[in-house]
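Asks: So TrEMBL says this about it:
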BINDING   K53, D307  FAD binding site
BINDING   G178, G179, G180, A181, L182, G183, C184, E185, G266  NAD(+) binding site
DISULFID  C44-C49  disulfide bond
DOMAIN    7-319  domain 'FAD/NAD(P)-binding'
DOMAIN    342-444  domain 'Pyridine nucleotide-disulphide oxidoreductase dimerisation'
Amino acid sequence: MRELDKFDLVVIGGGTAGLIASRTAASFGARVALIEDNLLGGDCLWTGCVPSKSLIAAANVAATARSSARLGVRVGDVVVNFAQVMTHVQDAMQEIAPVDSAESLERDNIDVVIGRARFTGPDSVNVNGRELRFHQALIATGAAPALPDIPGIDAVDLLTSETFWDLRTAPEQLVVLGGGALGCEIAQAMARLGTAVTLVQRGPRILPKEDDRASSLIQAALIADGVDVRTNFTAIAVTSTNRLAGTLSLDDGTALTFDRLFVAVGRRPNTAGLDLHSVGVRRDGHGNIVVNSRMRTSNPRIWAAGDVTGLPRFTHTAGVNANLAATNAILGLTRPVDKEAIPRVTFTYPEVGAVGLQSRDAEAGAHRIVTWEHEQVDRAVTEAKTGGYTQLIVNKRGRILGGTVVGPRAGETLGEISLALKNRLTTSSIASTTHAYPTYNDGLWSVAVADVRHRLGSGLVLTATRILRRLRKARLR
Ligand SMILES: Cc1cc2nc3c(=O)[nH]c(=O)nc-3n(C[C@H](O)[C@H](O)[C@H](O)COP(=O)(O)OP(=O)(O)OC[C@H]3O[C@@H](n4cnc5c(N)ncnc54)[C@H](O)[C@@H]3O)c2cc1C
Ligand SMILES: NC(=O)c1ccc[n+]([C@@H]2O[C@H](COP(=O)([O-])OP(=O)(O)OC[C@H]3O[C@@H](n4cnc5c(N)ncnc54)[C@H](O)[C@@H]3O)[C@@H](O)[C@H]2O)c1
C-alpha cells in the first residue's frame, strides 16, 4: 500500500459492483482503494451466479441423459455423484477467481485492503483500526439472504444461497421456501440431481415477476421434473427433529418433512456496521441505500451501486451501475442510470428471459402483443424442445418496448431484444436483418416478420403499398 494519505475513491465491497467501480476509476487515473471484508469476487463468484449455474449445468446433463431415449439414444441408469457435482461447482469458481484477485486488481493500480469498513467522518473510513481518507467513496456492500420470521425456524440450520455450496451430500428431502428465481432454479436443479423437492410459494404463482404464461410453463416444467409445487401457502411453523431436519407446517394444516430446509425469500442489503448515520447516507424503508438517477447517495461525496441499492439485483446491473457511478464520481459527469432496458434471465429449464414491458403492461389500443410459438421454430423441433414462446410488446409503429422468451436458450435471444429496446428499434430492423438458420433466434425473427406483415396489412403502410403497386402496374402497361 502506498503511503499517500488521501484516495480519490474508496470503494467498500469487492463484489461485482466494487470490482467494476474500482477498475473504472483506476482506468481514469484515479487513486483507488478497494476494501473487502471476505472474499474478492463477492456473491456472484462465491455464492451466486457461478456456483448456481455450475450446479444447473450438472442437473441439466442428468435430465438430458434421462430423456435421451426420446431421440433414440439409450444410456444406462443415470447415477449422480453429488460430491463430484460439487467439485465441479468449486472448480468453476476457482477457475474464475484469479480475474477478481488482489494481484489482478493491484496490476490495475488498485490498493486492496482486507477488513471490515466503517465510516468514521465525512472523508474517512476505518478498516481494522486503520484510517483511510477519501475525496469520494462508493458503497458496494451487496445483500444477504432474507430470513422469514416463522416460529421455530431458529432451531434448524437453514440452507441459504450462502451455505448451500458447502454441501457434499445431497439432501433426500429438500423443502424450498420461496418461488422466485433462486427457489425455482435450486428446486429444479436438485430434483434433476435426484432429491425429493417440495417448493412452497406464498403467492398464487411461482416467478411472480414474469409473464403469467411463463410462470405456468415453468411450474409445469418443475412438476415434470418431480418437484411438488405448493403455491398460495404460508408457512406457519418449523418443528425441528435435529439441527438439520424437521417439519414445516403450512396454513392448511399440512406438514412437510424435510432433511434440509432451503430459504429463498429475497435479500436484505448489507449496511450494518457501516455507520451510515454519521455520514448522512439515507436508506429506504427496506434498508436499501437511496441513490438518485446518477447513483449518488444523500451525501454528495458518497455513491452506491449493486445489491445494496433498491435497483434490480443482478450481476449485470451491479456492474453497469457501478461503472456509471465511478464515471460520474471521477469525471464529474451526470450520466443517468438506465431503468428500462434491464434484462433478466431465470436459468430454469426452459429459461425465462425478459426485458422491458410485459404482456400485463400492454395498454389496449397503444400496444400490441405479438407471440411466436416455438412449435414453429425449426431448431426447437430438431431438438424436441418446443415448449416455449417468443413474445414482443410493440407500439403502433412497431417499436419494441419489451419482450419475454421462454425456451432452452432464452437468455441468448434476450440480448437482441435488449439491443432493440435500448436503441429504440422497430420490428422492421429485426425483420430486415438476416438471421442464421436454424437458431432459437428464428423465434424472434419470425415474430418480428409477423409484426411487420401485420403493419403492412393495415393503415398508412397498406395505402402506400397499394399506391406503389398501382404505379408499378401502370408503368408495366
Ligand atoms: C444463488 C444466486 C444466484 C444468482 N444468479 C444470478 C444470475 O444468474 N445472474 C445475475 O445477474 N445475478 C444473479 N444473482 C445476483 C448476483 O449475484 C448479485 O446481484 C450480485 O452479485 C451483486 O453484486 P454486488 O457487488 O452488489 O454485491 P456482492 O457481490 O454481494 O458484494 C458485496 C461485497 O461487499 C463485502 N462487504 C460487505 N460489507 C462490507 C464492509 N462493511 N466492509 C468491507 N466489505 C464489505 C462483502 O463481503 C461482499 O464481498 C444471483 C444471486 C444468488 C444469491
Ligand atoms: N437468474 C438470476 O438472475 C438469479 C437467480 C437467483 C437469484 N437471483 C437474485 O437473487 C436474489 C434472491 O432471489 P430470491 O428468489 O430469493 O428473491 P425474490 O424476491 O426474487 O423471490 C422470493 C420469492 O419468495 C416468495 N416468498 C417471500 N416470503 C415467503 C414465505 N415466507 N414463504 C414462501 N414464499 C415466500 C416471494 O413471493 C417471492 O416470489 C434476487 O435479487 C434475484 O435477483 C437472480
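Cβ atoms here come from the backbone N, Cα and C positions, even for glycine.
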Asks: Below 8 Å Cβ to Cβ and six or more residues apart, same chain only. Which residues does that give for L182 (NAD(+) binding site)?
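Replies: When sequence neighbours closer than 6 are ignored, L182 (NAD(+) binding site) has S52, S161, A264 within Cβ distance under 8 Å.
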Asks: For the binding-site residues G178, G180, which one has the sparsest Cβ surroundings, going by other Cβ atoms within 10 Å?
Replies: G180
Asks: Listed recorded positions are C44, G178, G180, C184, G266; which sit with C-beta under 6 angstroms of ligand 1?
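Replies: Passing the 6 Å Cβ check against ligand 1: C44.
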Asks: Taking each of the recorded positions C44, C49, C184 in turn and counting other Cβ atoms within 10 Å of its Cβ, which one has the fewest?
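Replies: Sparsest of the recorded positions C44, C49, C184 by Cβ contacts within 10 Å: C49.
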Asks: Pop the mean pLDDT for the domain 'FAD/NAD(P)-binding' (7-319) in here, whole number is fine.
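Replies: Over the domain 'FAD/NAD(P)-binding' (7-319), the predicted model scores a mean pLDDT of 97.
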Asks: Three-state secondary structure of K53 (FAD binding site) from DSSP?
Replies: helix
Asks: In whole Å, how far is C49 (disulfide bond) from G180 (NAD(+) binding site) when you measure between their Cα atoms?
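Replies: Per the Cα atoms, G180 (NAD(+) binding site) and C49 (disulfide bond) stand 15 Å apart.
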Asks: Based on a Cβ-to-ligand 2 distance below 6 Å, what subset of the recorded positions C49, K53, G180, L182, C184 would you report?
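Replies: The ones that qualify, in sequence order, are G180, L182.
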Asks: Near G266 (NAD(+) binding site), how many other Cβ atoms are within 10 Å of its Cβ?
Replies: 15
Asks: Count up the helix, strand and coil residues in the domain 'Pyridine nucleotide-disulphide oxidoreductase dimerisation' (342-444) according to DSSP, in that order.
Replies: 32 helix, 33 strand, 38 coil
Asks: Measure from the CA atom of G266 (NAD(+) binding site) to the CA atom of K53 (FAD binding site) and give the result in Å, rounded to a whole number.
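Replies: Counting only the Cα atoms, the answer is 18 Å.
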Asks: Quick check for the class: what is the C-alpha distance, in angstrom and rounded, between G266 (NAD(+) binding site) and D307 (FAD binding site)?
Replies: 11
Asks: Out of G178, C184, D307, the binding-site residues in the record, which is closest to C44 (disulfide bond) when you go by Cα distance?
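Replies: Result for C44 (disulfide bond): the nearest of the binding-site residues is D307.
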Asks: Using the recorded NAD(+) site (G178, G179, G180, A181, L182, G183, C184, E185, G266) as reference, state which further residues of the same chain have their Cβ within 8 Å of the centre of those residues' Cβ atoms, listed in sequence order.
Replies: V176, I186, I206, L207, A264
